[in-house]
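Heads up, the thing below is written out as structure tokens.
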Amino acid sequence: MNSLISLSLPPGMHTSISEILKEKTLKPSRRSLPCLAQSQTHPQNINHFLSMPLTPDDKTDESFLIHKPATRAKLEARVDSLQPSGLLFRDGKKRIDYILVYKKSSPLVEKRVTFERNLRAEGLMLEKEPSLTNTDIMFVKIHVPWDTLCKYAEQMNIRMPFRKKSYFTDWKSKAMGSRFHLRCRQIKSWLPRNPMKLDKEALPDLEETDCYTAPFSRARMHHFTINNRHTFFSNSTRSRIVHHVLQRTKYEDGKSKMGVNRLLGNGTYEAAFPPHEGGYKSRHPIKTHGAQNHRHLLYERWARWGMWYKYQPLDLIRRYFGEKIGLYFAWLGWYTGMLIPAALVGLLVFLYGFLTMDTSQVSKEICEANTTIMCPMCEENCNTWKLSDSCVYAKVTHLFDNGGTVFFAIFMAIWATVFLEFWKRRRAELTYDWDLIDWEEEEENLRPQFEAKYSRVERVNPISGKPEPFQPFTDKLSRLMVSVSGIFFMMSLVLTAVFAVVVFRLIAMEKFASFDWEFVKKNWQFATSGTGVCINFMIIMSLNVVEHPRTESEWENSFALKMFLFQFVNLNSSTFYIAFFLGRFAGRPGKYNKLFNRWRLEECHPSGCLIDLCLQMGVIMVLKQIWNNFMELGYPLLQNWWSRRKIKQTEREERTRGGQNVEIKVQLPQWDIDWNLQPMNAHGLVDEYLEMVLQFGFTTIFVAAFPLAPLLALLNNIIEIRLDAYKFVTQWRRPMPARATDIGIWYGILEGIGVLAVITNAFVIAITSDYIPRFVYAFRYGPCVDKECLRGYMNSSLSVFDMGERLNVSEESRYCRYRDYRASPWSPVPYDFTLQFWHVLAARLAFIIVFEHLVFGIKSFIAYLIPDMPKSLCDRMRREKYLMQEMMYEAELEHLQKERKKNGRRYHHEWP
């Protein structure tokens, strides 16, 4: 067979598997499961930590130290009985893989006893331990023996390492000679070291040898590299196996009476979680004494605020929290890194507007228009005002509505495409490195709730050929209709709230325009927009708290889509109103349109409506980010502080009642510490993704109106990464390490936002901003004297109204100006639209069509040019697939030869 292989390989490559396995590794890329025969998977001191009791020398937060009263006679006995025993059973050998928590006072004893008896029947080992902080709390420690691990690893198709990976030499690079590569390495060594990279010495845990993996099989256990049964299955894999068993174990007779989730819902158990691997702090420096455990390593090299500029240790995050959380942080880091060029370009566009603010012809004309009288802003108690009074407003508008707006809108549309296309490549590399290429087809199981509800109706799975529960189409359709009806109801509620904000703005406009305080009266536009935005923000945050698929990923995708639709409408409905409806239907002086025949509709400023949109985006974006950060970190911190305070208060009351003066400090065991932490959100990572995807929408959809949005998003995300890291490592219980191959439905939502961003930015530039009217005036009506084509633009965009028709005023103050393209009162057809109006309208429609087609064409061309997977990765995967087949053949042949030799039979080197 090797002779056949040699015919298909290029010259210069090895022609036998034995030679390939001896070849030196040239292109290492970490895979998910280490070859445990060649590397250690724990930090320096973690093996010692897992096998030895915790000592008082280990530094722990004082809040996790309880004070136990004791008499002199019972002091030593109390110390011995309360000494924590690490993450092991009392025998000091069995590792704790999962923790269940229940109250002794719970009346649902029968269900719990039945459930625990069935867990033991499934092969799990249980041990109970009372809480040291609450006499009513009992912990159930769960350990998975080796045989049970093997059984469920085979059922769940968990991939495990079976042979050390070897790489082949790229003959193309070999032909170029080794001198070129040596020179490149020398030049690279002369360059300054990247300060954002983590030192390999800082993460010794990541220095591991790669291995080929395959779905675990007890029948072929001799293929796998099993050097130590205690470390062959990682902690996250053991936790996933226990969670799988807990979800499918019955607590009563009946097909629907199963799963720990139902027991958590009805109060049989208070919590279920895998324990943290120990404390996240140590009194000894990590550089000299090494990490105590993975959690300590993550805190020191990832979660500390001082590491904000460093790359994330994604392999370590994935190993401790699972691939699903690892992919979230990988996507968040990639998104944050891609925001850097967008933020720089947006800042340059803003600086361009700032530097040209005083030289802008439009701003000059507004500031110098001391004789231009504008029509009153309300029907009662409002007087005429001078156009020059809005000089500051016009200059601020130029900061965001200038010549760089169109360029930045096109740039951000292309940026969104590049971001998504390169994320697909990054995601492909991660799924390869983490051994998730074929996971979705092999390992994803039905949800226990789905199995229990639809177990009566079964059909054959067309892929596996096995019968499985089936949801009838009528049931699926009825649930879909109920879900869609709920979504439309919530959207109507949001639109009602937006309508209320519009009414508030109309009332506030009248009040501020006729205010007694001159400062407010002069700046009524800012006052109206500012108060309206703040009211809208409070409504958005209030509505945010309002609100049975087949597999876990389908359930999460369905829930995520519903939440996104509601929150997107809630967050952006008022922004769409300001962008596309504000000032469009206000009418004209003498014939204003009124809401309920009472309030006059709001008008735009003579310099445009873009500043209102900019103010809306800036205030909501800043306030929402501050609020979200407080709720993510501040709220858990307050809850954990309150829990520690109650523990100390309970201990103080016990000491007072007992009249005992002697007290000692005893460190709580890890499960007791974890119980006092906050559980992960009930919706998992949906809330985390939702926050970032909504931010992505805010950053791209109306970016033409607010070029500083990418910069604000970048600053927020730098904080968000470390905030989330600190929260996961220190404030939350350890979540169940789940697996995933991608970010789920969020990628499709991001693509949809990218398409919507092109359309909305085209309309913002054409309709909301003054770019098109200025463009038409410059090339059709402007004098273009001394390269200044906008001279007289402001006067051209203002129409004349005769106030003497309705008011008894003098001849000098009879006429006022308003923003529109209408004929003068003395023309043959008074107040009719002028030819300039139709020219501007035609130019706006043409710009929308040209802009959309141009940008969509560029986006499609870029997406076509960038492949979803790097070619080097494709070649490596094809090569490994070939090597795996050959190694499985050799491993099976070697095993059969050993069996024949053991039985005294003759054996040959060919397949028997």
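Keep in mind that glycine also has a Cβ here, set from the backbone N, Cα and C atoms.
The domain 'Anoctamin dimerisation' annotation in TrEMBL covers 89-314.
Annotation comment: TrEMBL describes 317-880 as domain 'Anoctamin transmembrane'.
Feature annotation from TrEMBL assigns transmembrane segment to 328-355 (among others).
Nonlocal intrachain contacts for the transmembrane segment (405-423), taken as residues 6+ away from its ends with a CB within less than 8 angstroms of a stretch CB, comprise 331, 334-335, 338, 341-342, 345-346, 349, 699-700, 703-704, 707, 710, 747, 750-751, 753-754, 757-758, 761-762, 764-765, 769, 771, 851, 854-855, 858-859, 862-863, 866, 868. If you look up TrEMBL, you'll see 405-423 (among others) marked as transmembrane segment.
Annotated transmembrane segment per TrEMBL: 480-504 (among others), in sequence order.
According to TrEMBL, the transmembrane segment annotation covers 524-544 (among others).
Marked as transmembrane segment by TrEMBL: 564-587 (among others).
Positions annotated as transmembrane segment by TrEMBL: 693-715 (among others).
If you look up TrEMBL, you'll see 743-767 (among others) marked as transmembrane segment. Non-local neighbours of the transmembrane segment (743-767) in the same chain are 327-328, 331, 405-406, 409, 412-413, 416-417, 420, 423, 427, 553, 556-557, 560-561, 564, 579-580, 584, 610, 613, 689, 693, 696-697, 700-705, 844-845, 847-848, 851-852, 855-856, 859; each lies 6+ residues outside the stretch with a CB under 8 Å from one of its CB atoms.
Below 8 angstroms of C-beta separation, residues 406, 409-410, 413-414, 416-418, 421-422, 425, 754, 758-759, 761-763, 765-767, 772, 775-776 of the same chain, each at least six residues beyond the ends of the transmembrane segment (841-866), sit close to that stretch. Under the heading transmembrane segment, TrEMBL lists 841-866 (among others).
On the 0 to 100 pLDDT scale, the domain 'Anoctamin dimerisation' (89-314) averages 81 in this prediction.
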